[in-house]
Structures are given as C-alpha cells and as structure tokens.
Amino acid sequence: MLRIGQGFDVHQLTEGRPLIIGGVTIPYEKGLLGHSDADVLLHTVADACLGAIAEGDIGRHFPDTDPEFKDADSFQLLQHVWALVKEKGYTLVNIDCTIMAQKPKMAPYIQPMCEKIAEALEADVTQVNVKATTTEKLGFTGRGEGIASQATVLLQKK
C-alpha cells in the first residue's frame, strides 16, 4: 500500500536568531522565529510524514506550549516522527520539497539539505529532492518577511 502526505510551513524572519533550513545553518543576518529552532523545511517534512500515516501534525506531537520543545532541534523532532512512520510499517519511496524565499539564495545549501533529510529518514539521498524558488518579490516571502516551505512524501508499506 502507498500513502501520500503533504506538508506546509511558514516562519517569520527576525534578527538575533540563526537561519537553519533543512538542518543546515545558513549565514544570513536574520533567522526564523519559532518555539523550536524554526527549521521551516524540516517542519514541512515532518508534517508530510505525519499526514501520510494519519497522525496529525507537528503541532499535535510537539506543541509550542510545551517548554520541553523550546529551542528544540528540528532534526531530532523529524527523527522522532520517522520512528512513528517505521512503527506503522512504512518506508520512504521519495520526498519532494520546495522552499520559497526571496533571500538568501538557497542553491549552495540544497545538497547538504538533501543529505540531512535522507539521514533523518534513513533513506538514500536519491530519494530526496529539495528545490528553492523566489516569489518574484511578491507577498511576505518576496518582501523578505518570512520563508515558506512545502513537501510531498510517498511512503510504501514494507
């Protein structure tokens, strides 16, 4: 049996925080605001995986009202989600992700992001695709106010 999941997330850019996307720290004058490390891409991947196994979303599993998850490492959260996927008997077929950001340019960081996601999902890097786009200076991402991400995952029953 195949299961498809979709994830979407948005975080506001703010000064005084590191910019971590896809488990990769990107040099930039702003970072993403959030209760955890605010890794918009890994949150999207986690939500897609949870959706595919009908387990809600990351807000249900890691509520921002719980101090345990303050400044949490999203890579570890994704590993926890992947353990749930495996418990339900699924394995990764592939995942396709898109980052929407006007700045900074993501191209130099795409391959390391793919590698981190593959590591968390215990998959081959060829099963992971990450791409980035601008929004042609339109909307909150185009104005540099935040970064958005979406992902679609395909899982297969072992």
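Cβ coordinates come from backbone N, Cα and C, glycine included.
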Same divalent metal cation site per Swiss-Prot - residue from His43, His61 joining Asp9, His11: His43
Cα-to-Cα gap, Phe62 (4-CDP-2-C-methyl-D-erythritol 2-phosphate binding site) vs His35 (site 'Transition state stabilizer'), nearest whole Å: 10
Cα-to-Cα gap, Thr133 (4-CDP-2-C-methyl-D-erythritol 2-phosphate binding site) vs Asp9 (divalent metal cation binding site), nearest whole Å: 15
Using Cα positions only, nearest of the binding-site residues to Phe140 (4-CDP-2-C-methyl-D-erythritol 2-phosphate binding site) (Asp9, His11, His43): His11
Largest tally of Cβ atoms lying within 10 Å of a Cβ, found at which of the binding-site residues Asp9, Asp66: Asp9
Cβ packing number for His11 (divalent metal cation binding site), 10 Å threshold: 21
Site with most surrounding Cβ atoms, counting all protein chains shown within 10 Å, from the binding-site residues Phe62, Phe140: Phe62
